[in-house]
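Listed in TrEMBL:
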DOMAIN    34-433  domain 'Ammonium transporter AmtB-like'
TRANSMEM  34-52  transmembrane segment
TRANSMEM  73-94  transmembrane segment
TRANSMEM  114-136  transmembrane segment
TRANSMEM  148-168  transmembrane segment
TRANSMEM  188-207  transmembrane segment
TRANSMEM  219-239  transmembrane segment
TRANSMEM  259-278  transmembrane segment
TRANSMEM  290-308  transmembrane segment
TRANSMEM  314-331  transmembrane segment
TRANSMEM  343-361  transmembrane segment
TRANSMEM  381-410  transmembrane segment
Amino acid sequence: MDNATASALKGIGRNHSNYVIPGLYDLSTEDTNWVLTSSFIIFTMQTGFGMLESGCVSIKNEVNIMMKNVIDIVLGGFTYWLFGYGMSFGRGPLSNPFIAIGDFLLDPPVGDALMGQIFAAFLFQLSFATTATTIVSGAMAERCNFKAYCLFSFLNTAVYCIPAGWVWGEHGFLNKLGAVDIAGSGPVHLIGGASAFASAAMLGPRLGRYSEGFDPLPLGNPVNACMGLFVLWWGWLAFNSGSTYGVSGAKWQYAARAAVMTMMGSFGGGFTSSIYSFWRHDGGMDIMDLINGVLGSLVSITAGCFLYRAWEALIIGAIGSLLCVLAMPLFDRMGVDDPVGASAVHGVSGIWGVIAVGLFADNPIPLDTTNGRMGLFKGGGWYLLGIQTLSVLCLASWGICSTFLLLYVINKIIPIRMDPHEELLGADLTEHRIRHSQIGLSRAISALAPIKVDLKNIAGVQPIGINPGHERSIDQLRAADDKLYQWQSYLEQVSNPRITRHKLTANSDITFKPKSPVKPPGNVFSRRPLTREGISEGFYRPNNNEFPVIGATISHELDKDPNFAWVD
């Protein structure tokens, strides 16, 4: 390998015109294409999170959790541009080992020699930041006030961005000590999992969650949950492979290795969680054991995705999966109600993923990812393991404490817990005016009515899936059909020679029986009494101009002819 290639692989500064290019922006054209493409794919993980979370909650809250995922991108992404990126990677003179300061409101002008690299790096880091925020939404599902969550999503950027700078920023104290985390088991997943744990603990369990024991509640849509797993699986390949930060020089080889080791880890995790679920459920398979087992293994492999051999990836994924499925019921017994298991998947498995680097990591020559160090099991000594353990302590402590503080402040402004009555009715109806059918809503409304809960704002909300205008039109048509049936029955009676004909007068009392139980809407037809003269003058006419107007003579052929209509 020539010196030019080796310099490009080092990932530290090199001269360009009058610049000294930081490693974050040291991207060739091929590297930039790789980073941008990976960023696009990572954003599809938001779809996976949304599908998984909406599948885990009850039907009356599925739209609410999807809206929170949208808000995470909109508000979380906006604040990341405002100040988040600058707090992680800013290059201002006031930057220090705790926080970076600079590059706020990022917008390099046309003509800037690093414009392309800056935008590519920003988009890649933005995709990581929105993922970290979205992890928390599932743990807060079904009882968090939507407005309070919007404020949380707006400010939660700081919870992620400061520790991300510790590990990945050139100013970060963990980075300077030699901490290794390629794709974010610590800064993304451990921070997200710790924040999820703190959020779920602070909100308290859902109403009635543990009234019948600690078994998981029924899923709202298991198919959606499985589909979400597949989308996340797909996005994880870009998450890990893209973190080589390019394909120039030897980076493409490690990008390929990262993809394969990611899959190997998930195989080990899926196998282990399957065996555990079969054992725990006497030969049955619990869907959340399998889903979260696979996700836990993916989290575990993320920190050192291209630093492992295949058998090591299998072991790391298997251990991460097992820790995850064991932690889920443990958290429930602690009273921490996490509907999607984010605390276990991202928190517990994230801890293992960071520590595993200190045990199994190779030195990825010629890259300087590990600063030339190797894990304890590869003869590298205790230093890397010690730094990785310190990273776990710092990141977990920060995630829990900062989230508790942030939610405490938000709760003083907007209560973070939904009103119990709104929780019973569901956030879809009370927050978004979306009324599902067949979810027991009528029972909830009738139960709340005696205690004089104000239901005026929701009582008239139409169920989703129907067009109310079409329904009214159908009711009118059915009412008209009933009226027609009544008149035809009467005309058959008065025209039958075996039935004594009575002269109709204005005081005649005629009773008609409807064909169907549908009550016609008011004033579709007049109910004024009829006279013989009225019939002779033509009370019904054709809706085909070629059909003659019917006079006094009544024909039974009308029953067979569809081309006429009653007029009133």
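Residue numbering: from 1, along the chain as shown.
Glycine is treated like the rest: Cβ placed from N, Cα and C.
Those TrEMBL annotations? Automatic predictions, nothing curated.
Simply put, out of 73-94, 259-278, 290-308, 343-361, 290-308 has the most Cβ pairs sitting under 8 Å from the transmembrane segment (219-239).
Most Cβ pairs under 8 A with the transmembrane segment (381-410) among the ranges 34-52, 73-94, 259-278, 314-331, 343-361 are made by 343-361. Highlighted: of the candidate stretches 114-136, 188-207, 259-278, 259-278 has the greatest count of Cβ pairs under 8 Å to the transmembrane segment (314-331). The transmembrane segment (73-94) shares the most Cβ pairs under 8 Å with 114-136, out of the stretches 34-52, 114-136, 188-207, 259-278, 343-361. For the transmembrane segment (114-136), the partner stretch with the highest count of Cβ pairs under 8 angstroms, out of 34-52, 188-207, 259-278, 343-361, is 34-52. The average pLDDT the prediction assigns to the domain 'Ammonium transporter AmtB-like' (34-433) is 94.
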